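*Asks:* The compositional bias 'Pro residues' annotation in Swiss-Prot covers 501-527, 588-606, 613-638, 650-661. Here Swiss-Prot flags Cys56-Cys85, Cys60-Cys78, Cys69-Cys86, Cys193-Cys222, Cys197-Cys216, Cys348-Cys366, Cys471-Cys491, Cys533-Cys565, Cys546-Cys566, Cys829-Cys845, Cys930-Cys1001, Cys991-Cys1019 (among others) as disulfide bond. The N-linked glycosylation site feature in Swiss-Prot is assigned to Asn95, Asn251, Asn287, Asn582, Asn726, Asn794; the stated evidence is sequence analysis. Among the features that Swiss-Prot reports, region 'CLIP 3' is placed at 343-374. Positions annotated as region 'CLIP 4' by Swiss-Prot, on the basis of sequence analysis: 457-492. Here Swiss-Prot flags 532-567 as region 'CLIP 5'. For 803-1043, the entry in Swiss-Prot reads region 'Peptidase S1'. For 1-30, the entry in Swiss-Prot reads signal peptide.
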Amino acid sequence: MPRHSSTMSRLVLPLIFSILLVSKPSPSQAQDESLAGSFLSGLLDTITSTADSKDCPGVCVHTLATLICYEVLDDVACPSPSMKCCIENAPAGKNATAVRATTTPKTTTTASTTTTQRTTTTVATTSTTKRTTTTSTTPKPKPKPQTKRPATSSTTKATVATTKKPSTTKKVATAKPKDKEEATKADDANKDCTGVCVADRIAEYCEAYLTSDGLCKEGTKCCVSLDEYSNGKLPKDIYIPAKHMSNLKPNQTLSEKSAPAKSSSTSTTSTTTTTSTTTTPEPARINNSSPKPTKHKKHPTTTTTEAAEEEEEQETEEDGEEEEPPLSNKLKSGQGQGQVLKECEGECMNGIFAIFCDDIDSDAFCPGEESCCVTGGASEATPSSKAPPTKPAIKHAPKPAAKPARPASPPPAPPSSTSGGGGGGDFLSQIISFAESTLNSPSPPPPPPQAPIQVPRCPGFCLLNIMAAFCERPSVLVSTPTTCAKGSVCCDNSRAGAPKPKLPPPTPSPTASPTAPPYVLPNTPSPDPREECPGSCIVSLLSFTCFKNAEMTDLFRCKRSGQICCAPKSKILEKQQFQTRNDTAYYPAPPPPPIGPPQAYPPQTPPYSYMNNPPPQGPPPQMAPHHPNPYQPPPPAPNYADYYPVSGPGLPPQPQPPMTTPPTTTTTTTTPRPHVYSKYVCGVKGTLRTGRSQALSFVSYARAKYGVQRTARQMTSAAGYSPNFNKSNERLVLGSAIVPIQIHNDKLGDLVESSSLQSNQLRSYHNHQAQADQPDLVYPEYYQQRSLYGLQSNFSGRRRARVVGGEDGENGEWCWQVALINSLNQYLCGAALIGTQWVLTAAHCVTNIVRSGDAIYVRVGDYDLTRKYGSPGAQTLRVATTYIHHNHNSQTLDNDIALLKLHGQAELRDGVCLVCLPARGVSHAAGKRCTVTGYGYMGEAGPIPLRVREAEIPIVSDTECIRKVNAVTEKIFILPASSFCAGGEEGHDACQGDGGGPLVCQDDGFYELAGLVSWGFGCGRQDVPGVYVKTSSFIGWINQIISVNNL
């Protein structure tokens, strides 16, 4: 009882004193010092107080003091509710399940058969057991050194029976118990746990723990400190968690058996408690390389004797020995069999973190699935053969576990030995230990280690298998065995050749073409005269990431092969114009005869013939007007005379050339460079594209490149607009509010039956008035108040007017312009071509015709609808499906947009191209000038030329638009969120017949479809802007329809 109190006081008092030091009162708290002192004094007395209880086998202590108890019995009642029954030491044997405190005899047997009388004591009762130890003289292949807690003494030559008192610890002695210090450790080995018994789940946090049974009760482990073994070798049954492996001293080793082996190979033990042990002959041991026999033991039922315990300990050791070889995280000592693993000289790392290592030592020990990461100048290791380690290896004892299947492996041939008399067993074990240590000791590398030279060294660098994809060209993966560790692969980068020179070559290759694929070769890079990519270089697989104002092009070079430049469109346009200005004049010797496909501008991609039967063409046009050239093109063919009614396609008298001509213009060549833009590039005018016919390219070339301005024509007197007008509620819908206009009767061709009524009654609109073709159900009733008398005019004069004011567009310039016509070959509305199978227009243009079930046709690539044969490349296609926006309001014209899917695909050729769609939600700044095109009226009263014209108008902010429109109407005008305003300049505006047509804004040199003509109050009135559909508000709706149809 006093011992319990002193123990608790020894542990708790330092804690209390530390609390006192921390909570030492300041001078301002002097008045509370006595209170604190009395409180702590009472707390100390309470914690250190103990009490006895008849039911408690130990002593009742305070709950806080149970931390030092070996076991706490919660079901035992104590005098105070705050107390628990505490058992300080391990109970000394409770029936068969109690932990046994055994008596360990020190016995040395001789070659003769002897009978030793032993006194064996158990904890519960002391009984005498007579044990007969039979020692056979059969020689063993290799006597296995054993370390048993009953350590033997080598000084005894006679049969000695010694009874030791029960010890509290079992400590393994060293392998050479000759001096007095070794004998003292052998005595300490008979004690129980020298550390602290902790639960199994906490044992992994110990610096080390012993795995032998009997040290602690079931479910606990003996947790010890490595400092206890700082001057000696580690016992066999010690287990060191991986995180504490670094705490080992270099001179500490873990031996399998530290005591000399007994010379007895077979022992049969008989006890009075019917404990029987049978011996299995040595030849029957197939799966165990240990020379010990496998013992099958029937446990006693009631009492446990010393002999039974000793056998159990021996079998436990055998179990551990059988478990050791399959474990991958074990370090074998020089005295054992199996693979020799060295200690990791770097750091053990797990999983993907191993990729950051300079090298991975596969022969070094790391726990679990971790790898030994060697950084810096660590020596390279060959996985096939390793030299013996320079310091003793460390054996990592395994945890007790079920016996796994052990593969049969023949042990190394030991020297044959026989049992000698007296200390022969000890002498034999010493010889074996010396021989094994000699074999495993460091020595100069003999000639056989020359074998690793056969494994070729990795010519590049080693990568983990999961990182093999990062071995990129021109590096290659080496499939043959190399010096790379297991789980790694060699990436050979020696074949990459010298790095690519950064300096430009002095003499460019004359055969280099700027439009060819990249020229980077593995070893001998060809000179590339192209400029560096001003954008980003990406692989073609990621070309979809190059969008909006950027485009994939071969005009610029990339540093790495297989990549293409994604450059801004403005840079591409500048480069293209620069190349065009550097083209020299094309001087044909005689004017060539009429030719088929155009040859003046060969496309960058494989050439396409856009005109199967082209009309006769004049000589090739003058390519560079800034070069003096007496050659003048002759008058064009009659088919193109109507496009240039004044003076043909000739230029005005020699405009002033720009003075920024590069020096290279002095060279001449007969092969002009092609334009960069192919037919698939959106937002590029038809005058800047490849494959454009020579006759159409002449005027547009000079206008687009050298600033030759067109003559603008203002609204004629027919539009008679006076700014002094009264407010009204009129609203002009710029599409369905016009009468369908008859166009030439060959536009539909074979799309309608020749015997049908509409085909037989087609009439030229030159001799008829609009009223003759006006249906009754075309417009809402409140729109019919406007008199469309402008259609009575005669169009034989071919006045160039369309949108109010503006100017003529060139033939094929606005190549995304589309005309909607009905089955009677009558023009309805404008539209824009956004895909080879998709057309975007205003919803009010098609709602009535869709209700009637009539067919709709589109005309693409036709500059002049009044001509009999149309423009080169023009096509007519039938609309297969009409998608009107689900929220379209025909009264307020909100969401006035429709998507038309064509039956078949439009061929992108001369005069036919696509317009770019804007990004979702993009709005253009107020004041930005954009271009509206269409076939419609020249003024509010007409006439309509049905020829593509353009007008440049400014974007108007929403607030200004609402203010200006409300100033001319009696009704309150509310601008829908999906619409915007543009225009408001007198004489320049869209008008009737332009509905659904495109309003395009230039962004980085490319045109985006900013809006569709919807409606407005009059045409070309000052400060009265028109309303347009905001295309960017419907990008999601458009993409959804197109993606569903493309499935």
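Using the three backbone atoms N, Cα and C, a Cβ is placed for every residue, glycine included.
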*Asks:* What is the Cβ neighbour count of Cys845 (disulfide bond) at a 10 Å cut-off, with all protein chains included?
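*Replies:* For Cys845 (disulfide bond), the 10 Å Cβ neighbour count is 28.
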*Asks:* Take the region 'CLIP 5' (532-567) and average the pLDDT across it for me.
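*Replies:* Average per-residue pLDDT within the region 'CLIP 5' (532-567): 87.
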*Asks:* Using DSSP reduced to three states, classify Cys197 (disulfide bond) as helix, strand or coil.
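*Replies:* For Cys197 (disulfide bond) - judged by DSSP and reduced to three states - the answer is strand.
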*Asks:* Express the distance between the Cα positions of Cys1019 (disulfide bond) and Cys829 (disulfide bond) as a whole number of Å.
*Replies:* 16
*Asks:* Using a Cβ-Cβ cut-off under 8 angstroms and a sequence gap of six or more, which residues of the chain neighbour Cys491 (disulfide bond)?
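*Replies:* Residues satisfying the criterion: Gly460, Phe461, Cys462, Leu463, Ala468, Phe470, Cys471, Ser475, Val476, Leu477, Val478.
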*Asks:* Near Cys546 (disulfide bond), which residues of its own chain have a C-beta under 8 A away, given they sit six or more steps off in sequence?
*Replies:* Gly535, Ile538, Met552, Cys566
*Asks:* Out of Cys56, Cys69, Cys366, Cys930, the disulfide-bonded residues in the record, which is closest to Cys565 (disulfide bond) when you go by Cα distance?
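*Replies:* Out of the listed candidates, the nearest Cα belongs to Cys930.
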*Asks:* Taking the Cβ of Cys85 (disulfide bond) as centre, how many other Cβ atoms lie within 10 Å?
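*Replies:* 22, counting other Cβ atoms within 10 Å of Cys85 (disulfide bond).
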*Asks:* Enumerate same-chain residues with a sequence separation of six or more from Cys222 (disulfide bond) and a Cβ-Cβ distance below 8 A; give 'none' if the list is empty.
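*Replies:* Looking at Cβ-Cβ distances below 8 Å from Cys222 (disulfide bond), excluding near sequence neighbours, one finds Asp192, Cys193, Thr194, Gly195, Val196, Cys197, Tyr209, Leu210, Ser212, Leu215, Cys216.
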*Asks:* Sort the disulfide-bonded residues Cys69, Cys85, Cys366, Cys845, Cys930 by C-alpha distance from Cys533 (disulfide bond) and give me just the closest.
*Replies:* Cys930
*Asks:* How big is the Cα-to-Cα gap, in Å, between Cys1001 (disulfide bond) and Cys991 (disulfide bond)?
*Replies:* 19
*Asks:* Please report the three-state DSSP label of Cys86 (disulfide bond).
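*Replies:* It is in a strand.
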*Asks:* Between Cys56, Cys216, Cys829, Cys991, which of the disulfide-bonded residues has the fewest other CB atoms within 10 angstroms in the structure shown?
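*Replies:* Selected from the disulfide-bonded residues Cys56, Cys216, Cys829, Cys991 on minimum Cβ neighbours within 10 Å: Cys56.
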*Asks:* Which of the disulfide-bonded residues Cys69, Cys85, Cys845 has its Cα closest in space to the Cα of Cys930 (disulfide bond)?
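*Replies:* If we rank Cys69, Cys85, Cys845 by Cα distance to Cys930 (disulfide bond), first place goes to Cys845.
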*Asks:* Counting each residue once, how many in the region 'CLIP 5' (532-567) are helix, strand and coil under DSSP?
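*Replies:* Counts, helix then strand then coil: 6 helix, 16 strand, 14 coil.
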*Asks:* Please report the number of other Cβ atoms within 10 Å of the Cβ of Cys1001 (disulfide bond).
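*Replies:* A 10 Å sphere around the Cβ of Cys1001 (disulfide bond) contains 20 other Cβ atoms.
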*Asks:* About how far apart, in whole Å, are the alpha carbons (Cα) of Cys348 (disulfide bond) and Cys69 (disulfide bond)?
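*Replies:* One finds 37 Å between the Cα atoms of these residues.
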*Asks:* So which disulfide-bonded residues are near Cys78 (disulfide bond), with CA atoms within 10 Å, out of Cys69, Cys829, Cys991?
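*Replies:* Of everything listed, nothing lies within 10 Å of Cys78 (disulfide bond) (Cα to Cα).
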